[in-house]
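Annotated transmembrane segment per TrEMBL: 14-33, 45-63, 83-108, 128-156, 176-199, 211-243, in sequence order.
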Amino acid sequence: MTADLSILLAQNQAIVTSFFLTFLRVGATMALLPAFGEQAIPMRIRLGLSLAFTVPVYSILFAEHQAFAEIGIVEVAVEIVAGLSLGIILRSFVFALQMIGAIVAQSISLSQMFGTASSEPQPAIGHLLFWGGLSVALANGFHLLVIEAFILSYTVLPIGQLPSGENLTNLGVSHIARAFSLAFVLSSPFLAASLLYNVAIGVINRAMPQLMVAMVGAPAITLGGIVLLLLISPAIISLWWAAFSETLFNPFLKPQ
């Protein structure tokens with residue numbers, strides 16, 4: 001009887017330990033995860049979401065792998081580093097949306113028109129693209145792709161094996177560079193429109209110095225920019241989601 005009880009306690013301890021390790025990785029990612037980890041979401045709800053993501057990841061992962069009966073500081077550190085690394089990679093795409101909004105707002109003279117109060121002040125156009133992109137992501141099964149990314153992360157960063165600092169640094173820099181590149185490419189129509197507007201204003205001002213071209217040109221570039229945003233914002237969000245979903249399928253692959 002005592003032997004059976006000892007075996008049962010050892011099995012339960014392994015289950016609890018493995019679940020805790022999984023929760024550490026998921027919880028660290030949730031601190032930076034787009035949509036589910038936003039500061040606007042109350043802490044209790046984010047904690048509940050972390051547990052909700054932990055259950056399927058644990059069920060799938062440790063159904064095929066042996067549970068861990070004992071853990072140390074190395075295992076805890078690896079899980080936290082792995083979770084934060086995954087969170088930073090996914091968060092870089094939110095930075096891309098925010099950069100697009102800032103570039104667009106600056107190009108069409110709406111950079112001083114801020115949106116609602118948040119932990120990350122940004123122009124109203126940035127809020128529009130930000131929440132539009134997250135809505136598209138959630139409508140296309142973002143939560144399922146996140147679970148797949150969690151499971152895939154264990155093949156790249158196994159439990160108890162410290163990752164290479166150089167590899168993580170290069171990976172993070174590559175994803176941040178891709179975020180800047182993506183933001184510049186998707187906002188390039190507005191940059192081109194702003195360039196043409198400023199060239200035209202300069203030519204007109206040189207030809208007719210008495211005409212206050214800024215009084216006429218400012219409303220024109222703003223109205224034209226809003227119309228352009230209305231026309232191409234669906235394409236911007238679609239291309240952004242295509243790049244984001246591609247990364248979700250293999251988040252630890254260095255972008256080209």
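Placement of Cβ uses the backbone N, Cα and C atoms for every residue, glycine included.
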Fill in the blank from the handout: Tertiary contacts of the transmembrane segment (83-108), defined by C-beta under 8 angstroms and 6+ residue spacing from its ends, are 24-34, 37, 120, 122-130, 133-134, 146, 149-150, 153, 157, 163, 168, 171-172, 175-176, 178-180, 182-184, 186-187, 190-191, 193-194, 221-222, 224-226, 228-229, 236, 240, 243-244, 247-248, 251-252
Problem - Distant-in-sequence neighbours of the transmembrane segment (128-156), which means Cβ under 8 A and at least six residues beyond its ends - result: 25-26, 29, 33-36, 53, 56-57, 60-61, 82, 86, 90, 94, 97-98, 100-101, 104, 115, 122, 233, 236-238, 240-241, 244-245, 248-252
Handout entry: Long-range neighbours of the transmembrane segment (176-199), counting only residues six or more past its ends (CB under 8 A)
Key = 92-93, 95-97, 99-100, 103-104, 106-108, 217, 220-221, 224-225, 228-229, 232, 236, 239-240, 243, 255
